[in-house]
Amino acid sequence: MARYTGPKVRISRRLNTNIYENAKGSKALDRRPFPPGQHGRTRRRNAGSEYLAQVQEKQKAKYIYGVLERQFRLTYEEATRLAGPTGENLLRLLEQRLDNIVFRAGWGATRPQARQFVNHGLIQVDGKRVDIASFRVKRGHVISLAPKAKEMIQITHNIDTLDRPLVGWLEAGDKQVTVRDLPQREHIDVPVREQLIVELYSK
């Protein structure tokens, strides 16, 4: 199964969430706060069934973090084996993805762009190149830009223009980020109701 490459704004409208966290998505939701295909017939969103709400929350998490169904399910199963609430564990595991760290650091304008930087070998972990977007960072890891990435116009532009505060479990350095702790739920600002995902998979 290939990664979704279709219209991103359409997905945001369908889920009523700016899943790519960019200005284009926000403007689209402000201009058309209804799902695609309704053509403005109503500006009220039907809450729908409980099952639909659960599926939509799973879809939000998948699209936000750029994870396909099989990988998402495997991550969920891993979350069930950890101590603590399964839903929170799921989000914590997703937050630890390397492409998410690149996004959180402000090097990538969006998570898809951050994933591209990782795939192209522009990111290092503890001084070694890592080109696997799903690589999971651990406490003490130092994530940095590869030498050739430090001079790339797109990355320097993002660093200079993005106003993205660093989350509390990461510590900023000179074009590097240190994982000072593992993420807690209060550090994760994604618009996902994780308990609905747990209810969906528990059926």
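Note: Cβ is positioned from N, Cα and C throughout, glycine not excepted.
Look at TrEMBL and you will find 3-95 tagged as domain 'Small ribosomal subunit protein uS4 N-terminal'. Note on the domain 'Small ribosomal subunit protein uS4 N-terminal' (3-95): its mean pLDDT in the predicted model is 77.
The region 'Disordered' annotation in TrEMBL covers 22-48.
Taken from TrEMBL, the feature domain 'RNA-binding S4' applies to 96-160.
The residues of the domain 'RNA-binding S4' (96-160), classed with DSSP into helix (H, G, I), strand (E, B) and coil, number 24 helix, 11 strand, 30 coil.
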